[in-house]
Amino acid sequence: MTAAIIDGKAIAKDIRAELKEEIEALKQTGMTPGLAVVIVGDDQASHTYVNSKERSSKEIGIHSEVHRYPADYTEEKLLQKVEELNNDDRIHGILVQLPLPKHISEDKVIDAIAPEKDVDGFHPVNVGKMVIGKDSFYSCTPYGIIKMLEKENISLEGKHVVVIGRSNIVGKPAALLSLMHNATVTICHSRTKDLPAITRQADVVISAVGIANYVTADHIKPGAVVIDVGMNRNDAGKLCGDVDFNNVKEVAGAITPVPGGVGPMTITMLLFNTVKAAKAKSAK
Ligand SMILES: NC(=O)C1=CN([C@@H]2O[C@H](COP(=O)(O)OP(=O)(O)OC[C@H]3O[C@@H](n4cnc5c(N)ncnc54)[C@H](OP(=O)(O)O)[C@@H]3O)[C@@H](O)[C@H]2O)C=CC1
Ligand SMILES: Nc1nc(=O)c2c([nH]1)NC[C@@H]1CN(c3ccc(C(=O)N[C@@H](CCC(=O)O)C(=O)O)cc3)C=[N+]21
């Protein structure tokens with residue numbers, strides 16, 4: 001059996017086309033959604049992501065601004081900038097690119113973002129609302145996975161979802177959103193014993209570890225859905241996920257590729273959340 005390849009790029013394109021129409025309608029009412037991205041430091045990969053976010057925003061008509069600062073920018077100045085953006089009426093969404101340089105507390109910066117502008121869904125208020133099952137801004141990567149499965153007509157109801165990874169931005173919210181969709185959820189991490197025995201019980205495996213070729217064919221139950229969040233470089237310097245794609249695709253029922261799977265959905269949900277924030281503001 002060869003798995004169906006889930007085309008995240010195509011699904012992302014469809015959702016972005018829907019958002020574009022929605023933005024055109026909003027503009028008719030005098031509202032242009034605005035996104036501010038803040039990046040500190042000179043990490044090349046981070047700059048590439050940020051440029052891609054800016055391009056994608058502009059393509060669908062979002063007002064987009066990027067604030068770039070050197071690696072020695074102070075925490076105090078960054079907090080001031082966030083405050084300024086909190087009070088800027090043209091801006092509905094604020095994203096501070098992570099990771100930040102070591103001398104800046106990520107927690108402090110995330111806490112400083114107004115929850116109604118936190119389109120990353122990282123602020124404790126938004127995380128807390130998600131935990132108690134309320135509508136809020138959900139973290140873009142896990143939310144993108146949920147949307148992708150919906151578009152593929154893969155229901156999570158009653159399914160055993162095994163999430164590998166428990167970070168605040170991917171693993172944990174992926175588990176909670178799966179639970180919200182009535183899955184039975186297991187969370188695995190670096191202290192988990194006999195991981196393959198657990199993942200082999202899964203109807204859906206979501207891997208967010210950050211190790212190339214970590215998930216191999218013997219981890220997967222025949223026919224299971226495999227979602228690869230990992231963004232790694234292999235020995236040849238090529239972008240790859242956590243999953244040994246060529247071998248796993250012979251066992252799985254459906255699988256997401258890297259690139260072209262979860263990544264494009266992440267950016268799409270950032271745009272989705274920005275439009276959502278703008279609509280909430282205009283409804284006030
Ligand atoms: N496609 C996309 O849009 C995005 C992709 N990513 C990518 O996803 C991956 C994960 O990101 P993120 O969650 O931020 O990473 P973190 O490093 O914060 O978390 C990794 C998680 O994997 C767990 N882990 C590490 N080693 C093992 C192991 N040997 N066995 C089982 N679990 C293990 C860790 O466990 P423990 O908690 O015990 O340390 C941790 O919970 C990265 O490759 C990242 O680049 C991230 C964001 C968006
Ligand atoms: N505040 C904050 N919010 C984030 O959402 C955030 C962040 N910080 N820091 C870094 C991670 C990583 N991340 C990705 C987004 C898109 C792709 C993506 O589009 N990937 C493409 C390929 C890109 C390429 O070719 O290099 C793909 O998978 O097809 C990847 C990774 C968001 N993150």
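All residue numbers here begin at 1 and follow the chain in the order shown.
Even glycines carry a Cβ here, placed using N, Cα and C.
Note that the coordinates shown come from a computational prediction; the quantities given were computed from them, not determined experimentally.
Copied over from TrEMBL, here are the features:
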type: DOMAIN; residues: 6-120; note: domain 'Tetrahydrofolate dehydrogenase/cyclohydrolase catalytic'
type: DOMAIN; residues: 139-281; note: domain 'Tetrahydrofolate dehydrogenase/cyclohydrolase NAD(P)-binding'
type: BINDING; residues: Gly165, Arg166, Ser167; note: NADP(+) binding site
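The structure, with features from TrEMBL marked on it.
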residue: Gly165; record: NADP(+) binding site; Cβ neighbours (10 Å): 22
residue: Arg166; record: NADP(+) binding site; Cβ neighbours (10 Å): 17
residue: Ser167; record: NADP(+) binding site; Cβ neighbours (10 Å): 16
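Each of Val163, Ile164, Asn168, Val170, Gly171, Lys172, Ile187, His189, Ala208, Val209 belongs to the same chain as Gly165, Arg166, Ser167, is absent from that list, and has a C-beta within 8 angstroms of the C-beta centroid marking the NADP(+) site. In terms of DSSP helix, strand and coil, the domain 'Tetrahydrofolate dehydrogenase/cyclohydrolase catalytic' (6-120) has 59 helix, 18 strand, 38 coil. Mean pLDDT across the domain 'Tetrahydrofolate dehydrogenase/cyclohydrolase catalytic' (6-120) comes to 97 in this model.
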